[in-house]
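*Asks:* Supplied in structure tokens, the structure appears directly below.
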Amino acid sequence: MVSISASGGYAMPCCCESQELQSSDMETPAVGTPEFDRNVPRICGVCGDRATGFHFNAMTCEGCKGFFRRSMKRKAMFTCPFSGDCKITKDNRRHCQACRLKRCVDIGMMKEFILTDEEVQRKREMILKRKEEEALKESLKPKLSEEQQKVINILLEAHHKTFDTTYSDFNKFRPPVRSKFSSSTATHSSSVVSQDFSSEDSNDVFGSDAFGAFPEPMEPQMFSNLDLSEESDESPSMNIELPHLPMLPHLADLVSYSIQKVIGFAKMIPGFRDLTAEDQIALLKSSAIEVIMLRSNQSFTMEDMSWTCGSNDFKYKVSDVTQAGHSMDLLEPLVKFQVGLKKLNLHEEEHVLLMAICILSPDRPGVQDTSLVESIQDRLSDTLQTYIRCRHPPPGSRLLYAKMIQKLADLRSLNEEHSKQYRCLSFQPEHSMQLTPLVLEVFGNEIS
């Protein structure tokens, strides 16, 4: 006969497996045990059942964990009725407690790892306290309200409706013409869809009741003055001598098209339609070029510092924009702005909120109801700040809101430089005649 003692006394027979599963002692890593592969099934070292982890310094199942804990705490002494070398399995582990306890000791289970009742109670209290702290922390964490989430969803939809990532409409512009000195060349499209660009049609393009006439969703024929009609043979721009600024006609069409899309986006901003038509126009005239610069970041590529809008014909480098009349006084800070904005890695939600905040700026010239504009912008700003705290993980979220607001300040400087260069361009008739009525209306008649 072989006796296995746990410091004297007999333990009551194990009446049911469920009692063993109620063990609450601390699970401990095995002393000196090498790392194991978590993908490999873990087997209890005592009975061969599925193990749940290291318990009291050995890999065991919940049943053997509970059996060892009770045996040690009760100082049980078991006697094997056989030869003392019973094979312990999942099915017979309750038949011989002596050999089962011996097996527990043999695989390295140690009573020193067993918690006292007081330690168990303290552990339970610590766990409960930690859960309560986590619940409190979660409850204090800012959350987007239903209204804020609705605003974000509306802005996302507005952006998707007014920003074509295929850039298919670019084929409707007067074709890009790059001089032989440019680093890139472009071929003309076989069929060119052009616009009637006579400056005589510029009257009342942006009239006070123009907003009510804009169809939704946005379509090419948004403005009566900008009818995109197909020409049978060649564009009117092909009948004149190649201008000194060969890219101006194409980029003028691109900017005109972009203004239309900005107007469409603005109309869907919650609260924008609550403003008077005069204030809507004032906001759009002042912010249009800034929002275009913001939106263009989606096509900006840092690898070669270009704007890629589909095919190579519509891949724009700084040299292309200089051939439309702009100087490095604008382009150098513009590229720097694009790089900085790209590095912020904004979520699309943050991007559309920034565009809306840019448009709804109460300090724009000509705005009458500044308090209403400010209240709309404040709601958008609050939504952006809450979104960053809730959805933008660190470290990218650190000071992100402040960095985004700084980008709006940078846009003001770019806007000012663009206006200066536009005025120089528009004072030259041979260049101003290449501009569209909408471009002339938005950038030409400055609000004082």
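Cβ from N, Cα, C; glycine included.
Annotated Zn(2+) 1 binding site per Swiss-Prot: Cys44, Cys47, Cys61, Cys64, in sequence order. According to Swiss-Prot, the zinc finger annotation covers 44-64, 80-104, on the basis of sequence analysis. Among the features that Swiss-Prot reports, region 'Hinge' is placed at 117-146, with the record citing similarity to another entry. Taken from Swiss-Prot, the feature domain 'NR LBD' covers 147-444, and the record attributes it to sequence analysis. The region 'Interaction with coactivator LXXLL motif' annotation in Swiss-Prot covers 267-285.
Buried or exposed, and what's around them? Tell me for each listed feature.
*Replies:* Cys44 (Zn(2+) 1 binding site) falls outside any helix or strand according to DSSP and counts as coil.
Shown for the zinc finger (80-104): DSSP residue counts in helix, strand and coil, namely 8 helix, 1 strand, 16 coil.
With DSSP classes pooled into helix, strand and coil, the tally for the region 'Hinge' (117-146) is 25 helix, 0 strand, 5 coil.
Per-residue pLDDT, averaged along the domain 'NR LBD' (147-444), amounts to 83 for this model.
Applying DSSP to the region 'Interaction with coactivator LXXLL motif' (267-285) sorts its residues as follows: 13 helix, 0 strand, 6 coil.
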*Asks:* Over all shown protein chains, what is the count of other CB atoms within 10 A of the CB belonging to Cys61 (Zn(2+) 1 binding site)?
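*Replies:* Its Cβ shell of radius 10 Å holds 26 other Cβ atoms.
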*Asks:* A 10 Å Cβ contact count, applied to the binding-site residues Cys47, Cys64: which residue has the minimum?
*Replies:* Cys47
*Asks:* What does DSSP call Cys64 (Zn(2+) 1 binding site) in the simple three-state scheme?
*Replies:* helix
